[in-house]
């Protein structure tokens, strides 16, 4: 439970003018402050019309007051919402009057933080509030809404419950070290490990998809000069964003273009062609291209279909660190009918459009997996969630290895670390600095 005794206030509606503006109070003085503002009577979950007044009794604004009594509110505390006209000037004056009456200005995300501390939301759900607000399209909004409804958290808890049962069996085996593991539920341990690994693998796959829906995909077009990278970016973007000429080395700097592709944002980055030599400006362009690869989720390796092997040699090991790669043979319209095509690459023509639909399909597969949703549907996730799940997966694998050598103490420690990684997602185990970073990124009124 939160130990806070302060009452906080902030504008909860969107910035700018509008038909309605909302000022939100949360804390033990919320109701008292509303009464002092001029709200004659307040009943829980009833709307009351009132004139909100300043210290001299002059009317600041008129509107509706709503009281949500603790613990039946978003934050778990007494909450009052004052709904007036959407004038930033009047809303700021109303906040200032609330502060005069004993409230303090809320920090960014403090309402959601109090909801978390009071057990109204777990940490993943609290983060989903910001994701719902920031969603760029309907698919991302629905995924964030499912995370807010607890779909992601329940699946994390299911894995954690499986690990709890495993830890009980392993700890029992440690306490009765003279007994063989099989007589202490060894089969249950092995079955539990299999179940935990399966659940984790499925959850990690779906969380990576959820992260892509939330954050999009950073795809870098890489390849030798004159392979048609800029032409391909223009074809995918549907506009002439990059300069295209027949002169090798035309692209000297990086160019970013965001496109929407089946519910997620794909950021394409055109880069300078990689080759030996070149002038100082071109060499700087190649350095920037390699720097973009270090941040890439996906490398789109664009080669000239007429001589892909020579083009491949020019790239060298530049793409080795990129987790996902897609090889594209461009200019396939210039090939003779008898020319062989690499079955592992996609043949396209940025000029004629040949193969672009197949490229779109492959990009969707790389971004969102096989397209098969879980029973609960897609949910939004963040990079920290994916990293925590990967750590949990590594620790479960390590526990399996230690159990194979009957190193029970080491296996128990690995399972504990896996459990801890899952707890970081929902906030059951969280460092104070992590909470501070998460909630400080929220809107003031959230």
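Keep in mind that glycine also has a Cβ here, set from the backbone N, Cα and C atoms.
Keep in mind it's a predicted model, so treat the numbers as computed, not measured.
Listed features, source Swiss-Prot:
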BINDING   24, 81, 120, 446  (6S)-5-formyl-5,6,7,8-tetrahydrofolate binding site
BINDING   226-231, 245-251, 270-273  GTP binding site
BINDING   226, 245, 247, 250  K(+) binding site
BINDING   230, 251  Mg(2+) binding site
DOMAIN    216-368  domain 'TrmE-type G'
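With a 10 A radius on its CB, residue 81 ((6S)-5-formyl-5,6,7,8-tetrahydrofolate binding site) counts 22 other CB atoms from all the protein chains. Cβ neighbour count for residue 272 (GTP binding site) (all protein chains, 10 Å cutoff from its Cβ): 26. The number of other Cβ atoms within 10 Å of the Cβ belonging to residue 226 (GTP binding site), over all protein chains shown, comes to 20.
The binding-site residues examined here are 229, 230; by Cβ neighbour count within 10 Å, the least packed of them is 230. Mean pLDDT for the domain 'TrmE-type G' (216-368) in the predicted structure: 83.
In this structure the C-alpha atoms belonging to residue 272 (GTP binding site) and residue 230 (Mg(2+) binding site) are separated by 9 Å.
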